[in-house]
Amino acid sequence: MNRLPSSASALACSAHALNLIEKQTLDHEEMKALNREVIEYFKEHVNPGFLEYRKSVTAGGDYGAVEWQAGGLNTLVDTQGQEFIDCLGGFGIFNVGHRNPVVVSAVQNQLAKQPLHSQELLDPLRAMLAKTLAALTPGKLKYSFFCNSGTESVEAALKLAKAYQSPRGKFTFIATSGAFHGKSLGALSATAKSTFRKPFMPLLPGFRHVPFGHIEAMRTALSECKKTGDDVAAVILEPIQGEGGVILPPPGYLTAVRKLCDEFGALMILDEVQTGMGRTGKMFACEHENVQPDILCLAKALGGGVMPIGATIATEEVFSVLFDNPFLHTTTFGGNPLACAAALATINVLLEQNLPAQAEQKGDMLLDGFRQLAREYPDLVQEARGKGMLMAIEFVDNEIGYNFASEMFRQRVLVAGTLNNAKTIRIEPPLTLTIEQCELVIKAARKALAAMRVSVEEA
């Protein structure tokens, strides 16, 4: 690979990139050149801030680690040929593993026929995916709107709730502290981290936040809103807060919130973008309490780690506000054939291989190991928690969490922090992780903590 001059034309740049895409292997000099090139382009054309962020998850502050390809269902290989067990899972997109052959085959077969829809003829895979989700999701959820990401699925849910509740004079939304629902304007209004919110103030009016897991605070907020005429259109929350640090609510919390929503005539929106698709040991985390939302948000793992897709699924009663004019909320690429093919294949793999049950089994194994390490290293680890294959290790301060991620990188295990909680390291591997790989992850974590304790003692 010849290095492009800084004055290279768009044609030359695209040809250079296509040449890279065609390559299956890199020699040593090509690898070094590619690493330098990627770092330069991130700095000059993407965002230099990403380079600083990457330093927290690479050994010795060397942020030249550049991914090259999947090494298997559960591993990644960088340009230097180093293979990493993936315990980050692209923030939860690789539930069925990297390049799952069933998902890849479905997308390739659809690509050979028609990659994107005409927008005028009826597209069969969108209809089939909507039917499949109606059969898969809990309760009376029946109609699906498709988009490209989690934040888009939340935006659609908020607009759907507004359209349904506006004639009833209900305009207020209640979200929870520590919540993360995305960064577009509506979703950001429900998100609860000031770092993400302050630069874009004022956000949408009518959003209130109450402590997550505190049912009396939820009741008080709903009651006060009713007294002041600010009746609540919907409550939006995550069954388990992912970016908040993998925060689990008390048992029965979702059930109690469902009852409050029914009592006050508010819709219940569950954001299962991160907890859905088998991640917590059930297909959807709300199924642990048999709770049925009015609107359900999905994305991330829905596309099988091959295609981006989001979905907003609602009951017929709620979704029917869009029947008269289906163009009130649409997106060009939402529900495209490639994405729907990936989602249908993903659902098939999850069910055929019973991956939610595997997530429960292997998640218990990993969590037991992490909790044992927490007992062995109380000076470093505050707590290990989680459900299924969504886990977190919380350290006593941010710096220790940073060092743990770096040490795990040296052990060839990929982990990272959460967006709303810097001292918490998230463990979110593919559900296809093998028992042997689970054992290797626990072993790597023990080595990492031992090395960190030595560093602390020497300091």
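Any Cβ shown, glycine's included, is placed from N, Cα and C.
Matching Gln108, Gln274, Gln382 to the pyridoxal 5'-phosphate binding residues that Swiss-Prot gives (Gly150, Thr151, Thr332) identifies Gln274. Thr332 (pyridoxal 5'-phosphate binding site) carries neither a helix nor a strand DSSP state and counts as coil. For Thr151 (pyridoxal 5'-phosphate binding site), the same-chain residues that are 6 or more apart in sequence and have a Cβ closer than 8 Å to its Cβ are His181, Gly182, Lys183, Ser184, Ala187.
Separating the Cα atoms of Gly150 (pyridoxal 5'-phosphate binding site) and Lys300 (N6-(pyridoxal phosphate)lysine) is a whole-number distance of 7 Å.
Looking at Lys300 (N6-(pyridoxal phosphate)lysine) and Thr332 (pyridoxal 5'-phosphate binding site), their Cα atoms lie 19 Å from each other. The recorded positions examined here are Gln274, Lys300, Thr332; by Cβ neighbour count within 10 Å, the least packed of them is Thr332.
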